[in-house]
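Undergrad: This is the structure, below, for whatever I ask next.
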Amino acid sequence: MLHLIYISIIVVLIIILISYTRKPKYFRITAPRSVALFHGIHPLNPKNYKTFSEEFETILNNAIEDGDFKGQLTEPCSYALRGGKYIRPIILMEIVRACQLQHSFGAPIYPAEAALAVEYFHVASLIIDDMPSFDNDVKRRNKDTVWARFGVAKAQMSALALTMQGFQNICRQIDWIKEHCPRFPDPNQLGALLCTFVSHSLNSAGSGQLVDTPEKTIPFFKIAFIMGWVLGTGSVEDIGMIERAAHCFGNAFQLADDIKDHDTDTGWNYAKIHGKRKTFDDVAQFLQECKKILHGKKIYTSIWNEIFQKVINVALGT
């Protein structure tokens, strides 16, 4: 029932947001930021994982201080967001960067708002996943889960706030592109495309959450990969291949996690069913296919070596 309520609210928001993104080209959908989210390295300069992580942490802190969350939900939302690995927003930002090295439309796109959106969606799913009605977990990232610290009601409202703010961030990203990249082709249509795609992905994630399968993990990587590709002005015709790359990476990520949790997981676990050796081989195979696709689209950069190694390290327990 809770899942259906969330999806219903999201669908209503999508209809509203899409209608606004079809207004005249220079009509602003969102209020401008009171502060810039980040001042630092040029968006097209190469970065390693540590640099990207620190950059996104600055973006996140500035967004929270700028009022992305209001009132009594500020503390639980901030609490949930801090301390993550930020792999999804890093993937999104790197794909945008790599795409623009091949082609751009004037000023480089800085995808800070889109990166926030994918992290907000992901963290909202973690809050719900930890709830007593799902996994009933009281610890995550070596600290109390949101519901255990702030109560079930605030946890539910925080997940909703994160989801709704994520869509707001997508709209803010479109406004940013209109303001800074006047040669970008039809940003209004892009906004409608992104909102529709994200709502579909969140629905898939919610369905996977109900039955505890990898489908609760993969959709958030699809959001990161595809939003990065589209914002980086990658070809719409190639979205299917980018989605396949995201599917492979998401599967590898989930299977590595299953190996790590082999001895403690009480729910469905691929490694328990097929064994650690086969599961590790599958992780390697999925990563290899993902790498092949990214190479083919000329967006495989040095940071992917770090990202892939992090997945392998999870599987190895190192």
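From the backbone N, Cα and C atoms, a Cβ is placed for every residue, glycine too.
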Undergrad: Out of His122, His180, which does Swiss-Prot tie to the same isopentenyl diphosphate site as Lys85, Arg88, Arg141?
TA: His122
Undergrad: In Swiss-Prot, Arg140, Lys216, Thr217 are given as binding dimethylallyl diphosphate, so which of Gln102, Gln173, Gln254 is in that site too?
TA: Gln254
Undergrad: Can you grab the distance from Lys85 (isopentenyl diphosphate binding site) over to Asp129 (Mg(2+) 1 binding site)? Cα atoms, rounded to a whole Å.
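TA: That comes out at 18 Å between the alpha carbons.
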Undergrad: Which state, by DSSP, holds Lys85 (isopentenyl diphosphate binding site): helix, strand or coil?
TA: coil
Undergrad: In the three-state scheme derived from DSSP, which category covers Arg140 (dimethylallyl diphosphate binding site)?
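TA: In three-state terms, Arg140 (dimethylallyl diphosphate binding site) counts as strand.
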Undergrad: Beyond Lys85, Arg88, His122, Arg141, what residues of that chain have CB atoms within 8 A of the centre of the isopentenyl diphosphate site's CB atoms?
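TA: Neighbours within 8 Å of the Cβ centroid, excluding Lys85, Arg88, His122, Arg141: Gly84, Tyr86, Ile87, Glu119, Val123, Leu126.
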Undergrad: Long-range same-chain neighbours of His122 (isopentenyl diphosphate binding site), Cβ under 8 Å, sequence gap at least 6?
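TA: Spatial neighbours, sequence-distant, of His122 (isopentenyl diphosphate binding site): Arg88, Phe220.
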